[in-house]
Amino acid sequence: MILAPETCECPFQDPGASIASSPNCNGLLLFMALMQGFVQGRCAIADPCNRVVGVKEVDEEYDFIVVGGGAAGPIVAGRLAENDKFKVLLIEAGGPDPVASRVPSYYRNFWNNAETDWLYRTQLDNYCLSEGKKGCVWPRGKTLGGSAVLNGMMYHRGHAADFDEWTQFGAEGWSWKENLPYFYKTEDNKQIGTLVNGSYHATGGPLPIQQFRYTPEFVYDLLKGIEEVGLPVVADMNDPNTPEGFAIAQTFSDDGQRYTTARAYLKPKENLHVLLNSHVSRVLFNDTVAVGVEYITKTGERKTVQAAKEVILSAGALNSPHILLLSGVGPKETLDKFDIPVVADLPDVGQNLKNHIGMTLFFVATKEENTQSLDWAAATEYLLERTGPMTSTGITQMSGVLYSSLADRENQQPDLQFFFNGFYAECSSTGAIGEPVGDCPQKGRNITSNAVSLRPRSVGYLTLNSTNPLEPPLFFPQYFSHPDDMVMVKDGGRYVRQIMESEAIQSKYGVKLDPAYTYVCDNRVAQWSDEWLECMARWYTDPQNHQVGTAAISRVVDNDLRVYNVTGLRVIDASAIPILSTGNPQGAIMMVAERGADSIKADWSQ
Ligand SMILES: Cc1cc2nc3c(=O)[nH]c(=O)nc-3n(C[C@H](O)[C@H](O)[C@H](O)COP(=O)(O)OP(=O)(O)OC[C@H]3O[C@@H](n4cnc5c(N)ncnc54)[C@H](O)[C@@H]3O)c2cc1C
């Protein structure tokens, strides 16, 4: 029966953060606590024999220390540990990979939770105005699995021209052609021949990739609406022959579960230690040679551990540059201001901060009941068969890329992406079928759509706020500082309107703009006018969570991801990516991590 926990072959430890207290479900709900227990009681989900458990004590010295267990870090650590001669330590600031995050429909349940999210906010500016004077929310994973525990799991590599632009930026050897084998190395595509073409995909890599097992009817109706208004629908967003179009995305998932790189690449192994709940405060140098790291434990103790060969920063595009600055690697001007001894004067650390930017449009499907998609029926189906609404992210599983009026079609680099949100089987207080959603002001189901610029011209930066490593840096994304970005986002908004006003969507769902959100701009200008779109973009700004570039190849690290002017230190994560790819970034970050691990292995092969 589903109520009894199964007896697995290995003891199960450390379930990680629980959904019982998810802020997304308004705190403690008995049904969510029951679901937490049921999920961790399934051997196929908890997978205790393959689950990496944190070490209690570390050794004095390792060959390699990898900082950060997000999307990139586990690939680097896992690949290095394949060589039994290497002793590897992975240090992660957060706790264990939460077992409940393996349920795809709990996609948002680990956001805004201090146990799993860094809770970052940007500095104030003329965007994200609906947040009051708090700045934009930037969710970032603080747990083994990193932001890949919080993410939508969509697998999109971007387009060939993106990577050829990297080489123009100065990243020699990082063209599409040269990167492709490393994309393939990560991939175990389960739909070759049934959905995607084997000429563009691979099997045998650690990460399972396929569509979710469940798709709400609304998605199929959206696709009908999209075709009706003359926009393209494609099978595979990664097929170079169909660079533009909407699709049900392939995702990092298998057996109805999320797969992070932490789950796929880290296996219990004697030469691989994982230290959790340990915040790396700086890299230790002997002159300009990296020899280890200092970290702060959960109880606030400062400790050190030595690296005989290399330290690798994989703490993400917001934290790797932070660690560099605290370690004396960065712009001399900034380091002097904070009295940090300069190890290497690298002016570009923390600069070149790039992120996709868009707006959120809020709608109500007036012909739909506003009920929870998570109920006992969905839960039972999931626990027994691993099918049904809990195996997916609702309508978020659909996405599309199109060209804006500024795009260069010949380059096959679409510069707009669209996301849809709603129909999540994520929360319930009783599990009753038809349970209404909280205190929603109007009848009808709430859905949103995001129109996002994939090639924003605005460039931001981050800098230190203090020398306290536990205090976040200051983030200045400078969204919309280049006028083209607003043009692209407004073009995207008009496409969303076309889709939502299609006959397929109107006749069945009666979708209307949600006045609870539009009134701010409705009171100033006419709906859907140019001014209204700009007003909505500034109020309901949608910063994507795709930050890259803060320790870019050719500016901060060389083509093998080694930090300039020091020895024994690399940055291998989104920070090294010089230019945003035109799509979701995890695919490209995994490729960078595979290449980085290969470079390290090659350097230490003798
Ligand atoms: C809500 C959301 C949705 C997204 N959806 C998608 C999607 O559908 N598809 C896609 O491709 N991408 C998506 N992304 C983006 C993708 O998840 C990130 O780009 C990717 O995870 C970044 O990888 P990373 O390894 O550079 O950093 P992260 O994955 O953020 O990992 C960094 C790790 O380092 C740890 N760390 C940081 N500082 C320290 C320190 N001082 N000491 C020790 N450890 C530290 C962090 O806790 C974290 O575990 C999404 C992201 C978010 C937040």
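Easy rule for this one: first residue shown is 1, then count along the chain.
For all residues, glycine too, the Cβ spot is worked out from N, Cα and C.
The annotation FAD binding site is assigned in TrEMBL to Val280, Pro585, Gln586. When secondary structure is read from DSSP and collapsed to three states, Gln586 (FAD binding site) falls in the helix class. Cβ neighbour count for Gln586 (FAD binding site) (all protein chains, 10 Å cutoff from its Cβ): 27.
Residues annotated as domain 'Glucose-methanol-choline oxidoreductase N-terminal' in TrEMBL: 316-330. Listed by sequence, the residues of this chain that lie at least six past the ends of the domain 'Glucose-methanol-choline oxidoreductase N-terminal' (316-330) yet keep a Cβ under 8 A from its Cβ atoms are 67-68, 70, 72, 118, 120, 138, 140, 146-147, 280-283, 285, 340-347, 349-350, 353, 462-464, 467, 469, 472-473, 475, 547-551, 556, 563, 566, 569, 571, 573-575, 577.
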Tally of DSSP helical, extended and coil residues in the domain 'Glucose-methanol-choline oxidoreductase N-terminal' (316-330): 7 helix, 2 strand, 6 coil
Express in Å, rounded to the nearest integer, the largest CA to CA distance found among the FAD-binding residues Val280, Pro585, Gln586 named in the record. 25
Are there any residues in the same chain, six or more apart in sequence, whose C-beta is under 8 angstroms from the C-beta of Val280 (FAD binding site), and if so which? Val67, Gly68, Ile91, Ala93, Val293, Glu294, Tyr295, Ala315, Ile323, Pro469
Segment-level pLDDT (mean, integer) for the domain 'Glucose-methanol-choline oxidoreductase N-terminal' (316-330): 98
